[in-house]
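Asks: One structure, pasted below without further comment.
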Amino acid sequence: MVKTTRRPMFLSVLIVLFVIGSLSNNRFFVSALIDCTFGDPVLGNQQCVQAYRSGSVCNENGFCSNPFRSGCLRQVLSSDESFVRLRACNSDDDPGAEDRGECVAGDYEEIRMLSQDWEAPMMTSWIMQIILSEVLGVPTTLETSQPNSEASMNFYDPDLRFSYSNDTYDYDAIRTSIEHGSCADIRKKNEKQGWYRSCADVMPEAWNGQNSNIEEYVKDGIIEPSTGSGGVAKFSWYIPKFAAEKHFYVLSHYGMKEGTDLEVRRRLAELFLRPRKWKFFCDEVSPDNCASPFYDEEGRLIAARAPEDESEEGLFFKAGLYHGHFSASEENDCDANPTTCTGHIASPPCTWTNYVVPQLHYLGIPVWSSGTSTAAGNYKYGEMVGIYHAANYTRSNVLLYWYTPDPTVQEYMGTDAEFTPIFLPQATVECTENRITEKQRCSKNPDDWIGEEAGSCDSESFAVQKLVVSNMYNRTYGNDKASRSPAYRFIKGFRLSDLQLEFIYRRWYAKGIDRWNYDNREAVCSWVGDNIDILKDFIPDTFPRSIRKSEYGSPILITASAVAAIAIVLVVTTSLMTFHYRHKRVMVYAQPVFLYMLLFGALSLSIGAFLSSLPPSAATCILEEWFVMVGYSFVLVPLIVKVAAINVLFQSAAKFKRVQIAHKKLYKTIGAIIGLVVVFLTIWSIVDPFTKTSRKYLTGETNTHGGEIVEMYFTCSSKKPIWQIILFVYVFLLIIAATVLAVQTRKVKQEFNESIRLGHVVYTHFLIELLLVLVWILGPDHLRTLTANDAAAIKSYLLSANILIILAVYFYPKLVSARKQDDYRGSISSISGADFGSFMQQPRSSLRFDFRASSCESAGFIRGSSDGLHGGSSSNRSSEMFGRNDADKKILAIPNGREVIVDDDHDGHGVDENDKDNENPDAPSNAKAQRRSSIRVGEKAGTNGFSNTDRTVLSQGAEE
């Protein structure tokens, strides 16, 4: 870059223009910046403000920054409070942009648009980016279709870069958006993997030469059917006005049609010479190879120096350094080639709506394009602009195929180099239907370039189309109304006429400060500010919306927190009291270890209830589900296992069966089930964590912009509902299991029978869980009948209520009974009696229970022993019936020789050689009137029921 010499205390406004041509795919880069002195109070920020406008600062690299980097409307409409807010941040912003106050987080999914490689879609995309980012809060970026990380067309680019796209119609970028769902993920992959793949959701402009491609991509489901962009465009053959005034015969195809005398051919060959590149001029024309400045006969500077690199060698024009040259080539030599010589026409890229070859062929106009970008002699976009600039500077005749609307046309409007169209046969429907396709235009076979004569008429005016990726509709309407982005409807509805676009072009070129970086941005921003009322018509109803964040501290939640805290205190208090009364008979029969497990589960549930009432966060959300699910497991699983064990004991005894139940086995069962729960929770937390998620709903209130106010709140949820469904199913299965066991144990002896209380607990769990499912369905993740605050509060209330009911129904009666009882240091040893089956069917009034020695007396009884295994002394009646004293603690002999085996030595073998000397020879032998059954529960020392049991042996005998 060449800079001007800085004048102290004065604004430097000389613009240095770089137009780097001869790059692939019809694009070129431009760079022009106002230089400044970083840190200088006058030649630094102050100079940038004077050159551009307020907001521009002098960067460390010595150039003025973009004054619009925080937004356009807040600059041009600063008096209107509606537009002073910051723009939405986008993925092109550096990570610190939001922290520096240059932008704010967007409210919707980011939209990425192709900038394409000519000015019309560039200006259009900038206008849409401004409205989307600043009015609607939609993050928006522009795709340049090139891997060069230095390239940018972002309106808010802090360095004011203006990079022409690498492709005219990048359909692959739209296909990428389809394949990856959106452009956000693919851009992250580009950065992570170090490779580049273009991606876009919108193509702002598609001209009629793309009709066949559009139909194909619509059919393949890549894009939606095209919609009009608002502009009307047309291609024509043009010459400068100064050439038309001297050679008026070329203003019609009739005047340029070749005759039999070849005079027209010679005339055109001499009139329209070939443009020469910088290197060619220095090598072939300049006498000293441009070692010194070269001036033409009119005193005009043609070349200031030789090109310095390959990028300059291929230029046709570079302001201040090389101003172009036209000369005859072999193609122009009609003396050597009288029937094949041609004049020159600059033909644009084959991807454009280009019908030059069919027109010149069938209309008999002896001109040909000499570009090098394709076999058909096409030129690149930047080359054609340079050729016209060179023709104007050197006052050379030039013929080119160009279009409107275009800023180059506007630049020369009103001058003697004004674009003047050439009349060709008028376009018809038949002609347009017989046009050559892009595939034919870009073919290497010359026969394909010609096409049909019926398609050789003048180019017709046509409505410019706009293309949108096919999944954008579902990405928009797949969200609820409150979260739905306005981008789709705005983009589909936005229109910009060619007259409006031409006005922007004229303002752009008239600015004269920094044409390729600041002037274009200033022109677009000023136009948007002046026409904001027109642009508002394209904004969807109820937009722009304003977000009102719901405070997570409403009275209903505060109350829920208080109730949950009370539940926690009560659980802790109950736990302490249970431990204190652990030696009471009611606690011993209820198994204190299992009670502790149940209380731990209740504590977990109450903590989960408390967390549910707190503001959501990544930590509280995950912990809430862990505490709730683990809590349910510890409340229901130990209860089910314990009751199941009791049920097995008594049902087996009734059928005179032997059953062994190891206490370790019970603990292992509980541990295995809870272990599976922990594994499930771990997988859930890793794969699809239950975390903080934002939710929105429409309030129906109107904001100052005329849009609707959206209430935004946060809740805990996962991406997929299957995890929550599994949790509900798991809890319901536990409830069903508990229900079945409660019914089966309803006839077990009262000291072991918890069917009534268990029924109450199960019924409570069932109702609470049913209500929790209902809240989940009506909550913000599904039907959205309940707000997040209401759903969280109700969930907390229900969990707390569940705990309070468990304490009241299951624990409170035990604690009341425990206060009235003395300490009990025994444990259950045996149950015996008449036929157990008939015993279970006896009326409760016919049974007599005596728990002073952990025994039950009636027609049958519970027998205790004085050691740690059986605890306490049995009744005298028990000793008389069995013919021995409890202190013997060995074996009970039955008169008919059948035995009730007591495995007092816990060797697992009942009566063995070690027990033979314990047989009682004095036991009664003639009891015939009554059949008895004896059930023995062998234990090691301990007072906690089944605790530390190796196994339980049930054996039965009969006495007749």
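Every residue gets a Cβ built from N, Cα and C, even glycine.
So TrEMBL says this about it:
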- 900-919: compositional bias 'Basic and acidic residues' (COMPBIAS)
- 556-815: domain 'G-protein coupled receptors family 3 profile' (DOMAIN)
- 898-960: region 'Disordered' (REGION)
- 1-24: signal peptide (SIGNAL)
- 556-581: transmembrane segment (TRANSMEM)
- 593-614: transmembrane segment (TRANSMEM)
- 626-650: transmembrane segment (TRANSMEM)
- 670-687: transmembrane segment (TRANSMEM)
- 722-743: transmembrane segment (TRANSMEM)
- 755-779: transmembrane segment (TRANSMEM)
- 791-812: transmembrane segment (TRANSMEM)
Asks: The transmembrane segment (670-687) and the transmembrane segment (791-812): do they have three or more Cβ pairs under 8 Å, with pairs 6 or more apart in sequence?
Replies: no
Asks: Let me spell it out: take the transmembrane segment (593-614), skip the flanking residues so only those 6+ beyond its ends count, and list any with a Cβ under 8 Å from a Cβ in it.
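Replies: Contacts of the transmembrane segment (593-614) (Cβ under 8 Å, skipping residues fewer than 6 from its ends): 552, 557-558, 560-561, 563-565, 567-568, 571-572, 574-575, 578-579, 587, 620, 623-625, 627-628, 630-636, 638-639, 641-642, 670, 792-793, 795-797, 799-800, 802-803, 806-807, 810-811, 944, 947.
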Asks: Other than its close neighbours in sequence, what residues sit by the transmembrane segment (556-581), given a CB gap under 8 Å and a spacing of at least six beyond its ends?
Replies: 587, 592, 595-596, 599, 602-603, 606-607, 609-610, 612-614, 789-790, 792-793, 796-797, 799-800, 803-804, 807, 811, 814-815, 818-819
Asks: Of the listed stretches (670-687, 722-743, 755-779), which one yields the highest count of Cβ-Cβ distances below 8 Å with the transmembrane segment (626-650)?
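Replies: That would be 722-743.
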